[in-house]
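**Student:** This structure is in structure tokens; I'll ask about it shortly.
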Amino acid sequence: MLNQHRQHLLAKFRQNSVLIRFFSSTLKAHRNFVSSVYGDNTTSTNRANQNEHFSKTSGFQKVLLSVASAFTALLDPSREDMVATLGETTGTIFLERIRDKMLQDKTGRRILRDQPIINTQTIDLNFLRQLPKTTFGSVYVGFLDKYQVTPDTRTKVQYIDDPELAYVMRRFREAHDFFHTLTNLPTTIEGELVLKWFELAQTGLPVSLLSSLFGHLRLTSEERSRLFDVYVPWAVQCGSSSQLLMNVYFEECFEKDLDVMRKELGIYVIDELKK
């Protein structure tokens with residue numbers, strides 16, 4: 001029934017979406033322009049440069065981007081560009097709260113000062129493959145290899161004016177696979193949704209709320225029941241009671257035993273989701 005309702009909404013949206021298509025095409029053109037001016041965002045340095053792909057927008061433009069991205073992301077959660085844009089145009093207050101919590105923490109302050117970036121140029125994956133199998137670094141690179149993912153594919157931040165807040169959002173995105181490693185969650189639709197609930201409990205970011213509330217429509221009834229009966233309660237409890245992961249300097253923890261690291265952070269895992 002939910003899938004039929006969603007298909008009905010999607011059909012209606014496609015029939016009456018001239019304005020949204022205009023907003024989406026405008027956004028795409030804007031991004032192409034920024035890309036042509038600044039080039040590729042890949043950097044070989046260890047420190048973030050938030051001006052690389054920054055796209056100056058007015059308050060009115062942000063409202064338009066928010067509306068367009070919200071409608072598109074709600075009806076098609078696979079549109080990662082729209083989900084990312086929505087997160088940037090609606091998350092300022094929550095990013096400020098995260099930044100403030102980082103400033104109150106010794107390690108968080110170092111992260112904000114150093115602004116390290118996470119990609120294959122700053123992390124030696126071959127070195128991580130040589131580490132003992134129980135270390136955080138070894139399990140992390142094993143996760144990347146198993147699911148054939150890379151830290152180089154995270155969406156770049158474009159629509160956050162404050163450079164420090166832009167970095168907070170960037171760090172949040174780039175640390176995503178570290179979160180997977182710590183929580184032992186796979187990259188399946190179900191696993192990603194559970195992680196979104198965990199991230200929501202940790203950060204309160206609206207983009208995590210959106211994915212949490214509507215992403216389950218892509219699940220089967222059995223998966224949906226398991227999600228809300230088992231995994232969401234775990235994610236909310238674990239995410240809210242554990243230490244803020246934005247205050248973890250993951251790059252300095254690769255040689256630490258993963259179980260010890262989880263215990264220090266207050267993270268406990270549940271039975272692994274079906275692959």
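All positions are counted from 1 along the displayed chain.
Cβ coordinates come from backbone N, Cα and C, glycine included.
A TrEMBL annotation is a machine prediction, not a hand-curated record.
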**Student:** Out of GLU164, GLU192, GLU222, which does TrEMBL tie to the same Zn(2+) site as HIS176, ASP177, HIS180?
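**Tutor:** It is GLU192, as the record lists it for that site.
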**Student:** Rank the binding-site residues ASP177, GLU192 by the number of other Cβ atoms within 10 Å of each Cβ, and give the residue at the low end.
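**Tutor:** It is GLU192 that, of the binding-site residues ASP177, GLU192, has the fewest other Cβ atoms within 10 Å.
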**Student:** Inside 10 Å of the Cβ of HIS180 (Zn(2+) binding site), count up the other Cβ atoms and send me the figure.
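**Tutor:** Total other Cβ atoms inside 10 Å, all chains included: 22.
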